[in-house]
Amino acid sequence: MTDAWEFIRRARSLLFVPGHRPDRFAKAADSGADGIIIDLEDAVGFDLKSSARENVRQWFSSGQNAIIRINSVDTPWYEDDITMLADDKRAVMLPKITSAEQVISVLARLPPGSCVVALLETSSGVLAAREICAVPGVVRAVFGNGDLVGSLGIEYEDRAALDYIRSAIALASDAAGISPPFDGGSMSLADEDLLISDAKHAISFGYTGKVCIHPSQVSIVNSIFTPSREKIQWARDVVAVEGDGSIAVLNDKVIGRPIIKRAKRLLAQWGSIVK
């Protein structure tokens, strides 16, 4: 996998921007988000799909980059979307995935070095999450809470009802050896406390990032998903007591190999950033 997509693996925040609003592309890129997702799917009306696609072409031709959420493979717009992205390696967010075979077929249409961010927002996709995340070229998964709550008849606020799904996606990502997933968007733009609570809840399941639906959410999400100085110091202390690889003790707590592995992973990403 090309290092071009390292920013996706490490990202805390990805900000959606509608494909039919090119006036917002640069603003989104300057929002502080670790990456932007130009949306050709849900945010774009049927009659604006073609112009949104042209906006993406122009954005790329100006030397800019973005993840592109294309329309799902069973729609009349998919073919034009995938053809438009065939000129160079691209990062594609694939919505409404139902199987690993679907992901494989999409990657086969993209230039070598392209990648997929797997948006798991259907029941079939969640049940096949392990196979989907294991497809070579999938760099990260997203918990697609929006479509799932509608499909299952669950309220956004009912976290407990969604925790099995949230956990299943985290487990699938870990089993496949890819970065921990992104949490889905928080739909209340006015409730900052809810956004913070949602992000912290996702962290408790091992998630390391979250998608944002408005620029006002970016700084909060980045802050929550950036480890504290205390956490980084804990990781340094863990690595320091590793010794010969046997079980060690730190602050009266047993430190085994899984904890050491977690500490090293934390330091690899954040050790030189968080002082």
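Here the Cβ of each residue, glycine as well, is placed from N, Cα and C on the backbone.
According to TrEMBL, the protein has these features:
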BINDING   R69, E121  substrate binding site
BINDING   E121, D147  Mg(2+) binding site
DOMAIN    12-215  domain 'HpcH/HpaI aldolase/citrate lyase'
D147 (Mg(2+) binding site) and R69 (substrate binding site), Cα-Cα, nearest whole angstrom: 15
Pairwise Cα distance for D147 (Mg(2+) binding site)/E121 (substrate binding site) [Å, integer]: 6
Among E121, D147, which are binding-site residues, the residue with the most C-beta atoms within 10 angstroms of its C-beta: E121
Structural state of E121 (substrate binding site), classified by DSSP into three states: coil
Packing count at R69 (substrate binding site) (other Cβ atoms within 10 Å of its Cβ): 26
Per-region confidence, the domain 'HpcH/HpaI aldolase/citrate lyase' (12-215) (mean pLDDT, whole number): 96
